[in-house]
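What follows is a single structure, written as structure tokens, with notes after it.
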Amino acid sequence: MAAIAVPENTRVFLLDIEGTTTPITFVKDILFPYIRENLEEYLSAHWEEDECKQDVHLLKKQAEEDLRLNKACHVHAVDQTVHTDEEKAIREVVEGVLWQMAADRKSTALKQLQGHMWRAAYMTGKIKGQVYQDVVPAIRRWRHHGLKVYIYSSGSVEAQKLLFGYSVQGDLLDLFDGHFDTNIGAKVESKSYENIAERIGCQPEEIMFLTDVTREAKAAEDAGVSVIMVVRPGNMELTEEERKHYRIITSFSQLELSGNV
């Protein structure tokens, strides 16, 4: 594909992760299977530690809230202070977590436990974050020209920092000026992008957002943010209408900075 000129008023690049900086398969084929395959062993090893107790407590609260709202729920109410059969209690937590993952739940309780497991895996070298080869050289070039670079992902800020801090290309955290997750707002809501601009200290039109998800692109556009759609292997196919509407790249190297940027 041809080069795309970055608007001269651009001060900030805002980057999605999954399907943009990182193969979409990394989450599906590496991160999630790691949880499923190591969950019971992890809980058994850390069951009496405060952090693990807090994770289980949140899962219990989530289960109680689901029951109160009459939502479908597989998680048993687990109380570590009164359980008499540790293996049974751990098995109940495992079944509940696997059920949430199969249902594609995005509860805080689930994300917190997953984040703690991934942290241990990254720090011991069992997992390394994957980043497309064109990403790092492009970001270094942008920063050399004085632009700021931020990450905005539905994954927690901690998970983002683990991916880039323990990547196959080494520690890349110095490439980024900051990280945003859904605490700033949902990625499909335009207000979130206004909040990000305010937090950064710039106007929405001074931000260029790179994503592979059209609903996120529309929300950003509605906020006045400049948008580039990223097409990578395995990403959702764009419709003909979407291809006509959005500027599209297959590599960060296609973004061409103007002389005034």
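Cβ atoms are placed via backbone N, Cα and C, with glycine included.
Automatic prediction, not curation, is the source of TrEMBL annotations.
The Mg(2+) binding site annotation in TrEMBL covers Asp16, Glu18, Asp212. Long-range Cβ proximity for Glu18 (Mg(2+) binding site), meaning a same-chain Cβ under 8 A and a gap of 6 or more residues, is found for Ile24, Phe26, Val27, Ser153, Gly155, Asp212.
Cβ neighbours of Ser154 (substrate binding site) (same chain, under 8 Å, six or more residues apart in sequence): Lys106, Asp181, Thr182, Lys187. Under the heading substrate binding site, TrEMBL lists Ser153, Ser154, Lys187.
As a whole number, the greatest separation of Cα atoms within the substrate-binding residue list Ser153, Ser154, Lys187 is 8 Å.
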